[in-house]
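Chemist: Let me give you the structure first, and then I'll get to my questions.
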Amino acid sequence: SPKPGPYVKEMNDAATFYTNRVLKDYKNSDTRHVDWVKSYLNIWSELQAYIKEHHTTGLTWSKTGPVASPMSMRSVLTSGSCLSPPPPPPGPPPIFDTETAKDEGTASRSALFAQLNQGEAITKGLRHVSDDQKTHKNPSLRAQGPPVRSPTKSHTPSPTSPKNSPQQNHAPILELEGKKWRVEYQEDNNDLVINNTELKQVAYIFKCNKSTLQIKGKINSITIDNCKKFGLVFDNVVGIVEVINSRDIQIQVMGKVPTISINKTEGCHIYLSEESLDCEIVSAKSSEMNILIPQDGDYKEFPVPEQFKTAWDGSKLVTEPAEIVG
């Protein structure tokens, strides 16, 4: 318990949750990782289909096949076809002619010291240059030669700054790709709705501005990445709702969700329902976070601490929210 088919399906759902992070990091940079995720998830799907066809309740053994005897197994293990010859022994270590190298080094050092011991006579081999051949005394010679560039300065053209490059416009996307709902590049659209969701599906929302999305039904997980002034309303999530690198986000939970994660986000308001009051809020590197709790037919707002104080109590570090005195 559970049976093999449902168990593999649970593994597929768990793998989908973690491979979404791989897709998020490499979606627009390296397609090899995207192809790998698709192939990996396909393994679980194919395995589940195979189990449903051949091993619904567990492994089944053929009753009409040949019986493996101990003698046949021993003959297979001792047959020459299964044994590979041992690798050849390593060759002898290389021989270095240390004496020759030592003699060459001694001779070169002797020649160097002989040149240094010449004293003033070391300049006898230099050629004399007359005044008419010196460029600093003849401006006409400087005008004939090409300008000399300083070796300390680079004259290669500097690459174009990415800030000056024109902004690329993308077409808005709202589609189901395999088990993932893609909601991307939506601008000023408050009528976005996802229906007919399934438990194995996930939603990835990327670079949507001034828009609102409603997700009906139960879904595995939701990720909001690089969005601004975005609103999300959903019924139920069995995994996690993540908000990453975003600004001015509003989330309303109609049903239940176990965990909401907020990372690198400025401004996030979360409206919880009566069923989702046990939800855990995990935050890091974020500010202006508020949790709104339903009370007496209205919502009461509670800020999430952003500043903490840590002290040593003699055995461990103790961290608690800091109270700001106005």
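Every residue gets a Cβ built from N, Cα and C, even glycine.
TrEMBL labels come from automatic prediction, so no person has curated them.
Keep in mind that what you see is a predicted model, and the values were worked out from it rather than measured.
For 65-107, 128-171, the entry in TrEMBL reads region 'Disordered'. Annotation comment: TrEMBL describes 84-95 as compositional bias 'Pro residues'. TrEMBL lists 150-169 with the feature compositional bias 'Low complexity'. Annotated domain 'C-CAP/cofactor C-like' per TrEMBL: 162-304, in sequence order.
Structural setting of the listed features?
Modeler: Residues of the domain 'C-CAP/cofactor C-like' (162-304) grouped by DSSP class, helix first, strand second and coil last, total 0 helix, 88 strand, 55 coil.
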Chemist: State the mean pLDDT for the domain 'C-CAP/cofactor C-like' (162-304).
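Modeler: Mean pLDDT, the domain 'C-CAP/cofactor C-like' (162-304): 93.
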